[in-house]
Each structure stands twice: as C-alpha cells, then as structure tokens.
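As annotated by TrEMBL, active site, proton donor/acceptor applies to LYS80. Among the features that TrEMBL reports, NAD(+) binding site is placed at GLY177, VAL178, GLY179, HIS180, VAL181, GLY182.
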Amino acid sequence: MAIFNHISFDDHEQVVFCHDKESGLKAIIAIHNTNLGPAVGGCRMWNYESDDEAITDVLRLSRGMTYKNALAGLAMGGGKSVIIADPKVQDREALFRAFGRCIDTLGGKYYSAEDVGVSTADIMIAHQETPYMAGLEGKSGDPSPFTALGTYLGIKAAVKHQRGLDSLKGLKISVQGVGHVGYYLCRHLHAEGAELIVTDIHQDSLDRVATEFGATVVAPQDIYHQDVDVYAPCALGATINDITIPMLKATIVAGCANNQLAEVRHGEMLKDLGILYAPDYVINAGGIINVSFEKDYDASAATAKVEEIYNTLLTIFTQSVEQNRTTGDVADEMARNIINAAK
Ligand code: NAD
C-alpha cells in the first residue's frame, strides 16, 4: 500500500493511523495543509472494503477541505478523518472516546466534526476526551442545514448563470441521497416550487421526502437518466464518471456530495457536453462555514457567510466561460492562490 506515492497524496503534511484494541477503533486522520490555520474537516464512518479504499477516501477528502476552507474565506487548513466501521454500529461510546483520544494526540493541529455516518451525538462523546472537536451541541451543532442552504443557493446561481432565471419554480431537480443534507435541500427546493425526483437506499428517508415534499421516488440506478434540469448528487462521491455522464439529461450538476467527479477529466467531459458543474467543495461549504463560527456562535453571521456561496459560484461560472476552462479548474486556481499567499 503506497502512501507517499499515492495518486491522491498531494503533499499531505501528516497522515496518522489510529488503532485501539479495546474498542476496535481503526481510524485514519489526514492533514493536508495548514497554511491558513489548523486543519478542520469532518469524520466519516464507513464500511470500507479495504484499507486502501479508506486511505484513498481520506486523502481525497482532506485535500478537498484545504480548497474548500480557502475558497470559503476561512482561516482554517484542510484535514479529514475516517473510521473504518459499520456506520450503523450500536455501541458507539468506546469507539468515539478512543477516536477523541487519538485526535487529542495531535494537540490542535486538526479539529474533527460530523460527516457521513457520524452524528452530533458521536462528536459530543469524542469531545469528552479532547477539546479539538467542532460542530458541538449548543454551539454550531449539526452542519447539514447550512450545507443544504449553500447547496440550494448554488443551484440557484447555476440556474441564473445558465438560464438567466431568478427562481427554481417549475424546474425539475433530481436529488441522489436524501439523508441529512439531501432532506433539507429538498425542503428548500420544494418551498420554491421545484419538482423533485429522488432516490436513496433507505426507504424511510424516501418516504419522508415523498410525503412532505411530494417527491417522485426512483430506483438508485435510474436517477442519472431522469429528464430533469438539475442533477444534485447528495450521497457519496465519484457518481460523475464514464458510465453516468452519457446518461445525464440534466444541463446542471450541482449537489452537496464531496468528490463528485471520479477523475478530474470528468469535469472536461461535462464542459464539452455543455453541462454546467458547480465544483463540489465550493457549493457544499455551508456546513464548514457554520462550524467556523463555533467559538462565539452566531447563527445569523454564519448564514450571511454561507450566502456568499451564491456570488462565489457566479464568479467561477463567469470566469470559466471567459477563460474557456472547466469550473473546477477555475475554482482550484482561485483556492491555490489563497493558500499560497498564506504560506
Ligand atoms: P447522509 O449519510 O446523512 O446522507 C447520505 C444519503 O445517501 C443517505 O440517506 C444514504 O442512504 C444515501 N445513499 C448512499 N448511497 C446511495 C446510493 N448509492 N444511491 C442513493 N442514495 C445513497 O450524509 P450527509 O451528511 O447528508 O452528506 C451527504 C454528502 O454530502 C456526502 O458526500 C458528504 O460528504 C457531503 N457533505 C455533507 C456535509 C454535511 O454538512 N453533512 C457537508 C459537506 C459535504
């Protein structure tokens, strides 16, 4: 298993492997870059099929956090952690305490928070062992509603750029994954009069959005070829790939999932087909922006900062047209300039 030569290593500053025999904890913490401040990024708990798969995921996610935090204008570096375990595991106390102790050994170089499979309750358990946890109850709390707000505004920015429309009324939007963020996103979209087509692998999550927002439910494999205006990937990564791109009828891809493009070249493929892509780490920064207000928490200040995502994306879309480059390319360069200036 290669680490330093890993395709996603990208000059990571530190990668830490954590093991606790008693609780069974197997975790990896990746700190990509701390030019702008301590690394901050959530913890994902997932049934990875191999250690290799977990390493690839954490390295990609961690790098994404560096770019996300920089472009969102936050004084925070990029990092991420993964716990290799079934996210539905019942006995979480010992596991998250062990995880907290592991985070603590880094002395504040990395702060963790919620991500897929990890709840605010889990973070509170880990917080008993370390101060280096964010997204705490009574502070910034669950980041998902803020991620959803940013994603909703990002979809509006994409629709404004491509169609000149100020409203989503009557537009068809497909949402893949109606979990924490997907649910709140559907609520915004429904409130504005969009027609929803959704999928998930959990029936109860689907029932909720079907009942509350009148969403049409389709099978997971059928989400890509729906005749919609916008496709919003809100489950796991790499769903934009060689197989799915030819199926897309949407002319906009804008959702909250991290690492939506399987490879960078898939951004080129979307551009060549005239499909507008909202770079994932820009559109889904709402949650981390909210977390950045953790210390003296102020929900309205956090909301105002999340709303900046709309203009940031409009700038990226405009530059992408002017410079004939992919939106991802434009965003990456903007982020790198900020990170390098802080060196
Ligand atoms: P979640 O686990 O609550 O929701 C994900 C949903 O996707 C679940 O309901 C799950 O059943 C569903 N799903 C998984 N595989 C699927 C498949 N093959 N087809 C259809 N549905 C599938 O997670 P979340 O917190 O809502 O995050 C969703 C995505 O957004 C993740 O990629 C996450 O990294 C990213 N993200 C989340 C936040 C946040 O604030 N929670 C912030 C930034 C980015």
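Residue positions begin at 1 at the first shown residue.
A Cβ is built for glycine as well, from the same backbone N, Cα and C atoms used for every other residue.
Quick caveat, the model's predicted, so the values are computed rather than measured.
Mapped onto this structure are the features recorded in TrEMBL.
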residue: LYS80; record: active site, proton donor/acceptor; Cβ within 10 Å: 30
residue: GLY177; record: NAD(+) binding site; Cβ within 10 Å: 27
residue: VAL178; record: NAD(+) binding site; Cβ within 10 Å: 27
residue: GLY179; record: NAD(+) binding site; Cβ within 10 Å: 17
residue: HIS180; record: NAD(+) binding site; Cβ within 10 Å: 22
residue: VAL181; record: NAD(+) binding site; Cβ within 10 Å: 30
residue: GLY182; record: NAD(+) binding site; Cβ within 10 Å: 28
Remaining residues near the recorded NAD(+) site, that is with C-beta within 8 Å of the centroid of the site residues GLY177, VAL178, GLY179, HIS180, VAL181, GLY182: SER144, VAL175, TYR183, TYR184, LEU185, ASP200, SER205, CYS234, ALA235, CYS256
Round to the nearest Å and give the CA-to-CA distance linking GLY177 (NAD(+) binding site) with LYS80 (active site, proton donor/acceptor). 21
Please report the distance from the Cα of HIS180 (NAD(+) binding site) to the Cα of LYS80 (active site, proton donor/acceptor), rounded to the nearest angstrom. 19
Provide, as an integer number of angstrom, the distance between the C-alpha atoms of VAL178 (NAD(+) binding site) and the residue listed as 'active site, proton donor/acceptor'. 23
Please check each of the recorded positions LYS80, GLY177, GLY179 and report the ones with a CB atom less than 6 Å from an atom of ligand 1, ordered along the sequence. GLY177, GLY179
